[in-house]
Structure formats: structure tokens, C-alpha cells
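Accompanying notes for the structure given below.
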Amino acid sequence: MARHVLVVVAVLLFATAEASQCSINGLPLVRNISELPQENYGRSGLSHTTIAGSVLHGMKEIEVWLQTFAPGSRTPIHRHSCEEIFVVLKGQGILYLTPSSHSKYPGNPQEFHIFPNSTFHIPVNDVHQVWNTGEHEDLQVLVVISRPPVKVFMYDDWSMPHTAAKLKFPYYWDEECYQTTSWKDEL
């Protein structure tokens, strides 16, 4: 009996190691979003889940996130060299956006109100920020990005020169699992 218990424990430990946060081995094809791990990565007011991604799941063309922002919280002012699509699931907020241009800094952003069932896209390298303006309700969004893993350039404010923006790579949710091995195209 004790021998069987040891075998079962060994199998469970091996399976747990195989299905670690940084491995696609052992992950089921169909998963329940509410059972996926959520983290704030040291950013107060944020809850982030990578539903399907480059670093965690081996995706090459797109990455999908579920993000929840507490009332008053926001993303940093930032840009990245990928396209981004948002679907607002609940809550309300403001999208601040400056189109990429040949100016030396982002400048004054345009404001767009976002609300449940609204969707918007961020073109490549457009500086933007999403802000939860709701007083009592979380802002929850489903986000799809192209060309993962994301390389983010962060700004202190809208007048900071593009050349002074700080690169954050790997991004917070990719830090633990990112490996410096090069990604190879299928060709």
C-alpha cells in the first residue's frame, strides 16, 4: 500500500512539474478562464491573465489577455510595435491615444469613452493609455495583440520625447518564463 502511495505521489509531482506556469506540456486544450491564474505583477489595481500567449503557450502570431482594472487604475502611457484590439466586457473608462507621427513626442492625446461591448484597436506604435474612470466598478477588457511577445516603451508623461521612452522587455507577465533563445519562423 505504501508503495502505491509513493508511486501516485511521484506521478502527481511529475505531472505538476510538466504543467508548470512556464510550460505548455500538460495544459488542456479547453480551459476555464475563471480557473486560470491571475496576477497583478506589482501593479496596484491590475489583474492580468494570459489566456493564450507566446511565452506561456507557444503562440507565434497573436496573444490574448484578460485584464481587470480597479476603479481609478490605468495602464502606463506606452506604445509597442504590435497591433492591439480591445473588447470591453464590463465597466467604463477612457482611451487616451496619440497617432504615431513624425513629431518628437506624443503630444496631447485624443480621448475616447469606452463602455461595455465597445471595441477599439491601437495601431502599431501609437502612444496610448487606458484608464478606468468608474467610481465603483472594475473595467474588464479582453485584449488581442499581434507579434508577441510584446515589447513596451513607457513614457512618464505625454510630453516625454520618443527617444527617452523606456523599453520594458520582457514585459512583467513574461519575465518569469521568457527565455532568450531566438524564435524561429516556420520557413
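From the backbone N, Cα and C atoms, a Cβ is placed for every residue, glycine too.
Sequence annotations record features per position, and here Swiss-Prot assigns signal peptide to 1-20 based on sequence analysis.
Taken from Swiss-Prot, the feature disulfide bond covers Cys22-Cys177, and the record attributes it to similarity to another entry.
Cβ contacts within 10 Å of Asn117 (N-linked glycosylation site), excluding its own Cβ and spanning all protein chains shown: 9. Annotation comment: Swiss-Prot describes Asn117 as N-linked glycosylation site.
The average pLDDT the prediction assigns to the motif 'Prevents secretion from ER' (184-187) is 44. Here Swiss-Prot flags 184-187 as motif 'Prevents secretion from ER'.
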